[in-house]
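Features as listed in TrEMBL:
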type     : residues           : note
BINDING  : 113, 123, 128, 133 : oxalate binding site
BINDING  : 126, 128, 133, 172 : Mn(2+) binding site
DISULFID : 43-64              : disulfide bond
DOMAIN   : 78-226             : domain 'Cupin type-1'
SIGNAL   : 1-34               : signal peptide
C-alpha cells in the first residue's frame with residue numbers, strides 16, 4: 001500500500017499507558033518513602049527510652065509504653081512554664097520540649113522548645129538537621145535570621161505575637177537587641193529535631209578538627225584557631 005505523502009502519527013495509546021504507569025510508580029515510590037502512617041492512637045515512649053539522653057530512637061520512634069499503663073499525665077508537660085537561666089556567656093536559656101523530655105510526643109512528629117534571652121542575649125548560630133522551625137515571640141523582641149544554601153541572609157525583628165519560620169537544616173539564630181528580657185516558643189515538625197551548634201561543632205569537636213583545616217577554611221592564622229578552640233574545649 002502506498003503512503004499518502006505524510007508520515008502517519010503513532011498511536012497515542014502507548015504514550016498514555018506509559019504516562020499512567022509512571023504516575024502509578026511515582027505514587028508507589030512516594031508512599032514507600034514517606035513516614036509510615038501510625039497504626040495506633042499513640043505511642044508514649046517507654047521509660048528509659050525517651051527520657052534517656054543516650055537512647056537512640058528506632059524508626060519511627062522509641063519503643064511504646066504498654067497502652068494499659070498509659071495515663072493522662074503522659075500527655076502533659078509543664079517543663080516550659082519555667083524560664084531557662086540566662087546566666088551564661090550567651091545570655092540565653094533553652095528549655096527543650098522534645099520526645100526525650102516529653103515522652104508523649106513519641107511518633108507524633110512534633111516538638112516545642114522555650115527560648116529565654118536576656119537583653120543582648122543570643123541563641124547562637126545552629127541548625128536542626130531533622131526539622132523546620134517556627135519561632136513565635138511571647139514577650140519582648142527578637143531578631144531571627146537564617147542563611148540559605150545560596151548564601152542569602154533572611155531576617156526579621158519579631159515582637160510579641162509575631163512568628164518567623166526557618167526551613168529545615170539551615171543555619172540560624174535568635175538575638176535580643178532590646179532592653180528587656182525576651183521569650184519565644186519554637187515549634188518543630190519532628191519529635192527530635194537534633195541540633196548542630198556551629199561554633200562548638202567546629203572548635204570543640206572531639207577529637208579535634210586539625211588546626212590547619214580550620215585555618216585554611218576560615219582564611220585566618222592558626223593562632224586564631226587555637227584561641228577559638230580554647231573557648232570551646234570541653
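Any Cβ shown, glycine's included, is placed from N, Cα and C.
Bear in mind that TrEMBL entries carry predicted annotations, made automatically and left uncurated.
Recorded features from TrEMBL, shown on the structure.
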{"residue": "43", "record": "disulfide bond", "Cβ contacts under 8 Å, 6 or more apart": "61, 62, 64, 65, 106, 107"}
{"residue": "113", "record": "oxalate binding site", "Cβ contacts under 8 Å, 6 or more apart": "80, 94, 95, 96, 97, 98, 185, 186, 188"}
{"residue": "123", "record": "oxalate binding site", "Cβ contacts under 8 Å, 6 or more apart": "90, 92, 94, 115, 117, 173, 174, 175"}
{"residue": "126", "record": "Mn(2+) binding site", "Cβ contacts under 8 Å, 6 or more apart": "171, 172, 173, 195, 196, 197, 198"}
{"residue": "128", "record": "oxalate binding site", "Cβ contacts under 8 Å, 6 or more apart": "166, 168, 169, 188, 190, 193, 194, 195, 196"}
{"residue": "133", "record": "oxalate binding site", "Cβ contacts under 8 Å, 6 or more apart": "165, 166, 172, 186, 187, 188, 193"}
8 Å Cβ shell about 126, 128, 133, 172 centroid, Mn(2+) site members excluded: 127, 146, 166, 170, 171, 193, 195
Recorded positions compared (64, 172) - highest count of Cβ atoms within 10 Å: 172
Chain-mates of 113, 123, 128, 133 with C-beta within 8 Å of site centroid, oxalate: 94, 115, 126, 135, 166, 172, 186, 188, 193, 195
Local confidence of the prediction over the domain 'Cupin type-1' (78-226), expressed as mean pLDDT: 97
Helix, strand and coil residues within the domain 'Cupin type-1' (78-226) as assigned by DSSP: 25 helix, 55 strand, 69 coil
